[in-house]
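Undergrad: TrEMBL lists these features:
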- 22-294: domain 'G-protein coupled receptors family 1 profile' (DOMAIN)
- 6-32: transmembrane segment (TRANSMEM)
- 44-69: transmembrane segment (TRANSMEM)
- 123-149: transmembrane segment (TRANSMEM)
- 169-195: transmembrane segment (TRANSMEM)
- 243-263: transmembrane segment (TRANSMEM)
- 275-297: transmembrane segment (TRANSMEM)
Amino acid sequence: MSIWEVILAFVVVVLMLVALLANVLVLMCFLYSADIRKQVPGLFILNLTFCNLLMTVSNMPLTLAGIIFKSQPGGDQICHIVGFLETFLTTNSMLSMAALSIDRWIAVVFPLSYHSKMRYRDAALILSYTWLHSVSFPIVAASLSWVGFHHLYASCTLYNKRPEDRTQFVIFTGVFHTLSFLLSLIVLCFTYLKVLKVARFHCKRIDVITMQTLVLLVDIHPSVRERCLEEQKRRRQRATKKISTFIGTFILCFAPYVITRLVELSSVVHINSHWGIISKCLAYSKVVSDPFVYSLLRRQYKKTWKDIINKILKRSSINSSALTSESHNRNILQLNE
């Protein structure tokens, strides 16, 4: 193995460990907190977490093996199953992010009618479409034998080995990425920019009220006035940072891989194998970032996982104190004997 391959293998191992820990923690929060389970977005986050966990335990280990051994890991049947899952899970996770953005758009732009427009039944229908949409493409690819081990990405994915099917495969790949990556990106941009517009409008209203209050309070201490102005500035930046994170991580993680897949269809451009694996690792990094972007850094999830950790530590401390007292009693009995 070259130094580049060692580095890439190490990166995949780190991504696997962090993704497994973070997504399991999200799942634990969902199971532990009744408030999270009651919320409609929790269904979309649960679906996204399920896709991320399955991707972590099925696709990433085989990619690691492909980098190390530079050949197809396992038999053809295993590779076909993993390639099928890769196409399904990637599409499902993209559409789940789009569903979360639609939920936020309805909650912010139509707050009074949110509970009537986004119920559990509506969320279940959206998830049903997500699964139906996601499973249709790998079924077509598997039926046409367009799934296999691709050396450029060191992974089992969409791959056409027959030159006579090149035109059909190019059309299929273009339609697939248009209806998965591009469609999800358009939905994300539309919904979150609408949310940002509403957030900025509310910030302006609060800023006007704040400035009027500061003008009326002549005797206010300068430090208090400065803190109010700083909070006003942070409020304006908060929504922009969050929405930039949602859209930015989606583009940064998926766009290089999708563009590489499309450029690869052209026989004119030669793609370096190291870049192919790097673009695949960037796509895998979305599995790592999703738990933090959509769940663990939110206040409700922070409180939940802190409660879980405190409960575990408290239980372990109680058990250790019980064991200590038991051993202490045994020592006393031995001394008395």
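Cβ coordinates are placed from backbone N, Cα and C, and glycine is handled just like the others.
Annotations in TrEMBL come from automatic prediction, not curation.
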Undergrad: Should anything in the same chain at least six residues away from the transmembrane segment (123-149) have a Cβ under 8 Å from its Cβ atoms, list it; otherwise answer none.
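TA: Result: 40, 43-44, 47, 66, 71-73, 76, 79-80, 83-85, 87-89, 91-92, 95-96, 99, 102-103, 155-162, 165, 168-169, 172, 176, 179-180.
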Undergrad: Where among 6-32, 44-69, 169-195, 243-263 do we find the most Cβ pairs under 8 Å to the transmembrane segment (275-297)?
TA: 6-32
Undergrad: Let me spell it out: take the transmembrane segment (169-195), skip the flanking residues so only those 6+ beyond its ends count, and list any with a Cβ under 8 Å from a Cβ in it.
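TA: Apart from its flanks, the transmembrane segment (169-195) reaches 87, 90-91, 94-95, 97-98, 101-102, 104-105, 108-109, 133, 137, 140-141, 144, 146, 158, 160, 239, 243, 246-247, 250-251, 254-255, 258, 261-262, 265.
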Undergrad: Cβ under 8 Å, sequence separation of at least 6 from the ends of the transmembrane segment (44-69): give me the contacting residues as numbers and ranges.
TA: 1, 5, 8-9, 12-13, 15-16, 19-20, 23-24, 26-27, 30, 78-79, 82, 85-86, 89-90, 92-93, 96-97, 99-100, 103, 123, 126-127, 130, 149, 151, 153-156, 277, 280, 284, 287, 290-291, 294-295
